[in-house]
Amino acid sequence: MGVYSFGSLNLDLVIQAPHLPQPGETLMGSQFQTLSGGKGANQAVAAARLGATTRLVGRVGSDDFGRQLLESVQGAGVDVAGVTVDDQMHTGLALITVATGGATPGENQIVLAAGSNGRVGQGEVDYLAHALGSDPGAHWLLVQLEVPLGSVVAAATVAKGRGATVILDPAPVPVAGGAALESLWPWVDILTPNEGEAQGLLGRSWQGPQEALAAAQALGDRTGIGTIIITRGSQGIVCVRGSQTWILDPFPVQTVDTTAAGDAFNGGLAVALGEGQPWDEALRWAMAAGALATTQRGAQDALPDRSAVERLLRG
Ligand code: RIB
């Protein structure tokens, strides 16, 4: 079983703030940190830390940030042979504010500068095709939307053609909403938006688990994707898989920073399904990984290992 992540690497510039800023508000924050992130890299690290053989395909700049990111991802046991070093563009950056208080402690706001992520293209798709073709066994491809959409579609097409299962974290949602992603839907097996992203894809909002479940069904109808999981943070998850549905409560944990919780969920889901866990157990496994990621600060630094997930599941 092999997990592939095709996507972004970002240097995260993180400041803790008393609450998330309002438009036009200047806030005094604290604890500035530069940390390793990017949804593509985070999901690869999540899967590797949970025990899967994992490869990352993406692009960094030829700068100190790029080197820091490659070291971090490689240090977690991820194969980075598929990460191009680009001497024409700087490494991707994410400005992250994390609230320490206010209405939503632990919640974040993220603004991205794509940098080299915006130049992920045919070279990376060709690498993925070659790697999948020379790697026997079942494959899981994790994709997100922090690299150009055309490249994500090409990567998912190639992976499906080689029998892989494709898991899409639709973040960030394009400004045009779900309509911009029509060309991607046919290649996706499992869609994992958080609640805000699901609302962006459907162009409407809702409250409560039953309405979230109905929204997951509507997303399945609209996209044709067989499995939709909406992750709802401290409200748990809802899932629609064919005619089956789940509304699952969250694990009770002390949340300090929600950054990369979705990435931990996606990496955990790929690992659990790749190991052949029954669907119900795989969902709980992924939820445990996501919950644990919120108990530590940062993205890759917060991703749990296998023993932590198993401890939380045992209770
Ligand atoms: O999902 C969290 C990630 O989103 C951060 O690490 C940041 O880089 C952005 O990509």
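Quick reminder: no glycine exception, Cβ is built from N, Cα and C everywhere.
Automatic, uncurated: that is what TrEMBL annotation is.
Straight from TrEMBL, the features:
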DOMAIN    4-305  domain 'Carbohydrate kinase PfkB'
BINDING   Asn10, Leu11, Asp12, Gly38, Lys39, Gly40, Ala41, Asn42, Glu146, Asp263  substrate binding site
BINDING   Asn194, Thr231, Arg232, Gly233, Ser234, Gln235, Gly236, Gly262, Asp263  ATP binding site
BINDING   Asp257, Thr259, Ala293, Gln296, Gly298  K(+) binding site
ACT_SITE  Asp263  active site, proton acceptor
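Nearest neighbour of Asp263 (ATP binding site) by Cα distance, taken over the binding-site residues Asn10, Asp12, Lys39, Asp257, Gln296: Lys39. By neighbour count, meaning other C-beta atoms within 10 Å, the densest spot among the binding-site residues Asp12, Glu146, Asp257, Asp263 is Asp263.
For the binding-site residues Gly236, Gly298, the largest tally of other C-beta atoms within 10 A is found at Gly298. Taking the Cα atom of each, Asp12 (substrate binding site) and Ala293 (K(+) binding site) are about 16 angstrom apart. Checked against ligand 1, the binding-site residues Lys39, Thr259, Asp263, Ala293 give Lys39, Thr259, Asp263 as the ones with a Cβ under 6 Å from it, listed in sequence order. Cα to Cα, Gln296 (K(+) binding site) and Asn194 (ATP binding site) are separated by 20 Å. Annotation for Asn10 (substrate binding site): same-chain Cβ neighbours under 8 Å, separated by at least 6 residues, are Gly37, Gly38, Ala41, Leu69, Thr91, Gly92, Leu93, Ala94, Leu112, Asn117, Glu146. The binding-site residues Asn194, Ser234, Thr259, Gln296 differ in how many other CB atoms lie within 10 Å of their CB, and the one with the most is Thr259.
Confidence across the domain 'Carbohydrate kinase PfkB' (4-305), taken as the mean pLDDT and rounded to a whole number, stands at 97. A straight line from the CA of Ser234 (ATP binding site) to the CA of Thr259 (K(+) binding site) spans 13 Å. Residue environment of Lys39 (substrate binding site) contains 30 other Cβ atoms, counted within 10 Å of its Cβ in all protein chains. Across Asn10, Leu11, Asp12, Gly38, Lys39, Gly40, Ala41, Asn42, Glu146, Asp263, which the record gives as binding substrate, the greatest C-alpha separation is 16 Å. Taking CA atoms as the reference points, Asp257 (K(+) binding site) and Lys39 (substrate binding site) are 15 Å apart.
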